[in-house]
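Sharing a structure here in structure tokens format.
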Amino acid sequence: MAVEVSLSRRPLGLGRVLLYLVLGLLGVVWLSPFVIVVITAFRSEADFFNYGVFSIPHSFEWRNLLDAWEIGNFQVYYRNSLIVSFLKVPLGILIASLAAYPLAKMRFPLDNSIFLLFLIGLAVPIHVTLLPVFILIRHLGLSNTLWSLFPPYIAFGLPLQIFVMRGFFKMIPTELLEAARLDGATELRNFWLIMMPLAKPALATLFIIDFVSTWNELLIALVLLNSESVRTVPLGLLNFQGQYSSQITDLNAGILLSILPIIVVFLAFQRYLVAGLTGGALKE
């Protein structure tokens, strides 16, 4: 005889309903600028000025993206930003992982003090370091080159990266490393073959965070880069806005071009994002 068990869902309380309403409202507020940018990027100028920014589009201009790409010189800005992002991000994560491994799995004098020293970097505002960074880059002979961005970008990214990677490495059982050492594995081999494969969620999380931060960075690039040929996407978009501020649809098309790579990277690695944060830094 089959016994039917009915599970009744607990009714939502007033507090939970209000919470969902507030979260939904916040979601609408946060998504509204993005939706407006996307819609405006594909509208004609006449449609935008005749019906307003909040109206339903009556015509679409798919050529706006191509016009912004050609007029705004985005092919140069994309090339520069892709070079900087896809070289700096993996390099920075590798350096942070190499630093986090001994801090998490080895014991040596002042190990906690060294870790705290790295954490202090999270509290240092970028603005107060601009002049020293500019002087250092000039003395290194890297002024007005893409290579000038690598030292400050890597340095400012290391504190957070080390914090996340150390927290994730500490969760990996030490017995795995000890068993490998008994089999004659070196520390470098343990790092590459045990720690790094197990840390994929944390690595993917850091890749998303660091890629977005590097791609969107404006202040340091504004100080160190002058020539049109070495401008990154944020600098190029700032210049495009200054020259074509009256062409609203093309300007929004340029904004959409600037955020497309971020969306692609996020969609590619989003399934690792929550696992990496909860498995690493949040359980530190």
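Heads up, the Cβ atoms here are built off N, Cα and C, so glycines get one too.
So TrEMBL lists the following for this protein:
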- 17-42: transmembrane segment (TRANSMEM)
- 78-268: domain 'ABC transmembrane type-1' (DOMAIN)
- 82-103: transmembrane segment (TRANSMEM)
- 115-137: transmembrane segment (TRANSMEM)
- 149-169: transmembrane segment (TRANSMEM)
- 190-212: transmembrane segment (TRANSMEM)
- 251-269: transmembrane segment (TRANSMEM)
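How buried are these features, and what lies next to them?
Distant neighbours of the transmembrane segment (115-137): 99, 103, 143, 148, 151-152, 155-156, 158-160, 162-163, 166, 219-220, 223-224; these residues of the same chain sit at least 6 beyond its ends, with a Cβ under 8 Å from one of its Cβ atoms.
Through the fold, the transmembrane segment (251-269) approaches residues 34, 36-38, 40-42, 64-65, 67-69, 72, 74, 78, 81-82, 85, 204-205, 207-208, 211-212, 215-216, 233-234, 237, 240-241, 244-245 of its own chain, all at least 6 residues removed from its boundaries and within a Cβ separation under 8 Å.
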With Cβ-Cβ distances below 8 Å as the criterion, list the same-chain residues six or more beyond the ends of the transmembrane segment (149-169) that contact it, or say none.
84, 87-88, 91-93, 95-97, 99-101, 103-105, 115, 118-122, 126, 129, 133, 136-137, 140, 142, 195, 199, 201-202, 205-206, 209-210, 213-214, 217, 220-221, 224-225, 232, 276-277, 279-284
Hey, which bits of the same chain come close to the transmembrane segment (190-212), Cβ under 8 Å, at least six residues off its ends?
85, 88-90, 92-93, 96-98, 101, 105, 157, 160-161, 164-165, 168-169, 172, 176-177, 180-181, 262, 265-266, 269-270, 272-273, 275-277, 279-280
Can you tell me which parts of the same chain pack against the transmembrane segment (82-103), counting only residues 6+ beyond its ends and a CB-CB cutoff under 8 A?
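For the transmembrane segment (82-103), the nonlocal Cβ contacts are 111, 114-115, 118, 146, 149-150, 153-154, 157-158, 161-162, 165-166, 169, 187, 191, 195-196, 199, 203, 206-207, 210-211, 214-215, 232, 261.
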